[in-house]
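What Swiss-Prot records for C38-C81, C48-C63, C64-C108, C79-C117 is disulfide bond, and it gives similarity to another entry as the kind of evidence. Annotation comment: Swiss-Prot describes N113 as N-linked glycosylation site, evidence class sequence analysis. Annotation comment: Swiss-Prot describes S152 as GPI-anchor amidated serine. The signal peptide annotation in Swiss-Prot covers 1-29, and the record cites sequence analysis as its basis.
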Amino acid sequence: MARFMAYNQNPQMLALCITVAVMFLGVRSELSQDIKGCQDAMSDLYSCLPFVTNKAKAPDSTCCSTLKVKIDKGQTRKCLCTLVKDRDDPGLGFKVDANRAMSLPSACHVPANISQCPDLLHLLPDSPASQIFKQFTESSSQTVGHKAVSTSSSIKGRDNKQFGLMMAGALSIWYIM
(Lines of atoms letter the chains of each structure in order from A and count residues from 1; the text may use other names and numbers.)
(Lines give C-alpha, C1' and ligand atoms only; values in the text may rest on other atoms or scores of the structure.)
Protein backbone atom coordinates (compact mmCIF):
# COMPACT_ATOMS: atom_id res chain seq x y z
CA MET A 1 0.00 0.00 0.00
CA ALA A 2 2.81 2.39 0.85
CA ARG A 3 4.47 1.73 -2.50
CA PHE A 4 1.25 2.49 -4.38
CA MET A 5 0.86 5.74 -2.46
CA ALA A 6 4.44 6.68 -3.33
CA TYR A 7 3.66 6.23 -7.04
CA ASN A 8 0.37 8.07 -6.62
CA GLN A 9 2.12 11.05 -4.99
CA ASN A 10 5.05 11.02 -7.41
CA PRO A 11 3.80 10.91 -11.02
CA GLN A 12 7.38 11.06 -12.33
CA MET A 13 8.18 7.75 -10.63
CA LEU A 14 5.01 6.18 -12.04
CA ALA A 15 5.89 7.44 -15.53
CA LEU A 16 9.40 6.05 -15.16
CA CYS A 17 8.11 2.61 -14.16
CA ILE A 18 5.63 2.51 -17.03
CA THR A 19 8.28 3.63 -19.53
CA VAL A 20 10.75 0.98 -18.39
CA ALA A 21 8.06 -1.74 -18.47
CA VAL A 22 7.00 -0.80 -22.02
CA MET A 23 10.63 -0.74 -23.19
CA PHE A 24 11.32 -4.24 -21.89
CA LEU A 25 8.05 -5.63 -23.24
CA GLY A 26 8.81 -4.17 -26.68
CA VAL A 27 12.26 -5.75 -26.81
CA ARG A 28 11.02 -9.14 -25.59
CA SER A 29 8.12 -9.29 -28.05
CA GLU A 30 10.45 -9.09 -31.07
CA LEU A 31 11.95 -12.52 -30.39
CA SER A 32 8.49 -13.92 -29.66
CA GLN A 33 7.19 -12.67 -33.01
CA ASP A 34 10.20 -14.07 -34.89
CA ILE A 35 9.98 -17.49 -33.29
CA LYS A 36 6.17 -17.65 -33.15
CA GLY A 37 5.74 -19.12 -36.64
CA CYS A 38 8.78 -21.37 -36.26
CA GLN A 39 7.70 -23.72 -33.51
CA ASP A 40 6.85 -26.63 -35.82
CA ALA A 41 9.88 -26.09 -38.07
CA MET A 42 12.22 -25.82 -35.09
CA SER A 43 10.86 -29.00 -33.53
CA ASP A 44 11.40 -30.75 -36.90
CA LEU A 45 15.00 -29.53 -36.93
CA TYR A 46 15.72 -30.38 -33.29
CA SER A 47 18.17 -33.08 -34.38
CA CYS A 48 20.22 -30.34 -36.11
CA LEU A 49 20.88 -28.43 -32.88
CA PRO A 50 24.12 -30.25 -31.99
CA PHE A 51 25.59 -29.17 -35.33
CA VAL A 52 24.41 -25.53 -35.28
CA THR A 53 25.43 -25.11 -31.64
CA ASN A 54 28.93 -26.42 -32.41
CA LYS A 55 28.55 -29.58 -30.32
CA ALA A 56 28.83 -32.00 -33.27
CA LYS A 57 31.32 -32.03 -36.15
CA ALA A 58 28.65 -32.83 -38.73
CA PRO A 59 24.86 -32.92 -38.86
CA ASP A 60 23.47 -36.38 -38.24
CA SER A 61 21.43 -38.35 -40.77
CA THR A 62 18.13 -37.55 -39.05
CA CYS A 63 18.87 -33.83 -39.30
CA CYS A 64 19.76 -34.03 -42.98
CA SER A 65 16.85 -36.24 -43.99
CA THR A 66 14.41 -33.96 -42.18
CA LEU A 67 15.99 -30.88 -43.74
CA LYS A 68 15.74 -32.41 -47.25
CA VAL A 69 12.04 -33.09 -46.80
CA LYS A 70 11.12 -29.86 -44.99
CA ILE A 71 13.32 -27.12 -46.54
CA ASP A 72 10.78 -26.14 -49.18
CA LYS A 73 7.70 -26.76 -47.05
CA GLY A 74 6.17 -24.44 -44.52
CA GLN A 75 8.45 -22.12 -42.59
CA THR A 76 11.63 -24.22 -42.41
CA ARG A 77 13.78 -22.06 -44.70
CA LYS A 78 12.61 -18.83 -43.05
CA CYS A 79 13.10 -20.31 -39.59
CA LEU A 80 16.65 -21.35 -40.40
CA CYS A 81 17.27 -17.72 -41.40
CA THR A 82 15.59 -16.53 -38.19
CA LEU A 83 17.81 -18.83 -36.16
CA VAL A 84 20.87 -17.11 -37.66
CA LYS A 85 19.44 -13.62 -37.19
CA ASP A 86 18.48 -14.22 -33.54
CA ARG A 87 21.52 -16.40 -32.75
CA ASP A 88 22.72 -14.19 -29.86
CA ASP A 89 19.35 -13.71 -28.22
CA PRO A 90 19.35 -15.20 -24.70
CA GLY A 91 15.66 -16.02 -25.15
CA LEU A 92 16.60 -18.87 -27.48
CA GLY A 93 18.19 -20.78 -24.64
CA PHE A 94 21.22 -21.87 -26.65
CA LYS A 95 24.07 -20.25 -28.58
CA VAL A 96 23.92 -20.69 -32.37
CA ASP A 97 27.06 -20.69 -34.51
CA ALA A 98 26.00 -18.53 -37.48
CA ASN A 99 28.45 -20.15 -39.89
CA ARG A 100 27.27 -23.63 -38.97
CA ALA A 101 23.59 -22.72 -39.24
CA MET A 102 24.12 -21.11 -42.65
CA SER A 103 26.21 -24.04 -43.87
CA LEU A 104 23.69 -26.64 -42.66
CA PRO A 105 21.98 -27.00 -46.06
CA SER A 106 25.28 -27.53 -47.89
CA ALA A 107 26.52 -29.91 -45.16
CA CYS A 108 23.36 -31.96 -45.76
CA HIS A 109 23.62 -31.59 -49.57
CA VAL A 110 20.30 -29.74 -49.66
CA PRO A 111 19.91 -26.85 -52.12
CA ALA A 112 19.13 -23.65 -50.24
CA ASN A 113 20.16 -20.11 -51.06
CA ILE A 114 21.20 -18.34 -47.85
CA SER A 115 21.42 -15.06 -49.76
CA GLN A 116 17.59 -15.06 -49.84
CA CYS A 117 17.37 -14.79 -46.04
CA PRO A 118 17.29 -10.96 -45.89
CA ASP A 119 14.31 -10.96 -48.27
CA LEU A 120 12.54 -13.77 -46.41
CA LEU A 121 12.98 -11.89 -43.12
CA HIS A 122 12.19 -8.48 -44.64
CA LEU A 123 15.53 -7.06 -43.49
CA LEU A 124 16.87 -3.76 -44.76
CA PRO A 125 19.77 -4.40 -47.18
CA ASP A 126 22.28 -2.42 -45.11
CA SER A 127 21.19 -3.72 -41.70
CA PRO A 128 23.76 -5.59 -39.60
CA ALA A 129 21.61 -8.74 -39.69
CA SER A 130 21.44 -8.58 -43.48
CA GLN A 131 25.20 -8.14 -43.68
CA ILE A 132 25.77 -11.47 -41.90
CA PHE A 133 24.06 -13.30 -44.75
CA LYS A 134 25.82 -11.20 -47.37
CA GLN A 135 29.27 -11.84 -45.85
CA PHE A 136 28.61 -15.56 -45.64
CA THR A 137 27.40 -15.73 -49.25
CA GLU A 138 30.43 -13.78 -50.49
CA SER A 139 32.92 -15.84 -48.50
CA SER A 140 31.42 -19.16 -49.56
CA SER A 141 31.39 -18.16 -53.23
CA GLN A 142 35.06 -17.06 -53.06
CA THR A 143 36.41 -20.12 -51.27
CA VAL A 144 35.75 -23.83 -51.09
CA GLY A 145 35.69 -23.77 -47.26
CA HIS A 146 33.63 -21.37 -45.23
CA LYS A 147 35.31 -18.42 -43.55
CA ALA A 148 34.16 -17.23 -40.19
CA VAL A 149 31.66 -14.40 -40.34
CA SER A 150 32.73 -11.51 -38.16
CA THR A 151 29.90 -10.29 -35.95
CA SER A 152 31.60 -9.08 -32.80
CA SER A 153 32.42 -5.59 -34.03
CA SER A 154 29.11 -4.88 -35.72
CA ILE A 155 26.19 -3.39 -33.88
CA LYS A 156 23.28 -5.74 -34.24
CA GLY A 157 19.81 -4.55 -35.25
CA ARG A 158 18.35 -5.71 -31.96
CA ASP A 159 20.97 -3.67 -30.08
CA ASN A 160 20.01 -0.62 -32.15
CA LYS A 161 16.34 -1.10 -31.26
CA GLN A 162 17.12 -1.58 -27.58
CA PHE A 163 19.36 1.50 -27.60
CA GLY A 164 16.58 3.51 -29.25
CA LEU A 165 14.05 2.39 -26.67
CA MET A 166 16.43 3.23 -23.83
CA MET A 167 17.06 6.69 -25.29
CA ALA A 168 13.31 7.28 -25.67
CA GLY A 169 12.83 6.29 -22.03
CA ALA A 170 15.66 8.54 -20.87
CA LEU A 171 14.26 11.47 -22.84
CA SER A 172 10.79 10.81 -21.40
CA ILE A 173 12.17 10.82 -17.87
CA TRP A 174 14.18 13.98 -18.53
CA TYR A 175 11.09 15.68 -19.99
CA ILE A 176 8.92 14.74 -16.98
CA MET A 177 11.44 15.99 -14.44
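Using N, Cα and C of the backbone, Cβ positions are placed for all residues, glycine too.
Structural mapping of features recorded in Swiss-Prot.
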residue : record                      : Cβ contacts under 8 Å, 6 or more apart
C38     : disulfide bond              : Q75, K78, C79, T82, L83
C48     : disulfide bond              : P59, C63, T66, L67, L104
C64     : disulfide bond              : A107, C108, H109, V110
C81     : disulfide bond              : I114, Q116, C117, L120, L121, F133
N113    : N-linked glycosylation site : none
- Task: Tell me the Cβ neighbour count for C79 (disulfide bond), meaning other Cβ atoms within 10 Å of its Cβ, over all protein chains shown.
- Result: 22
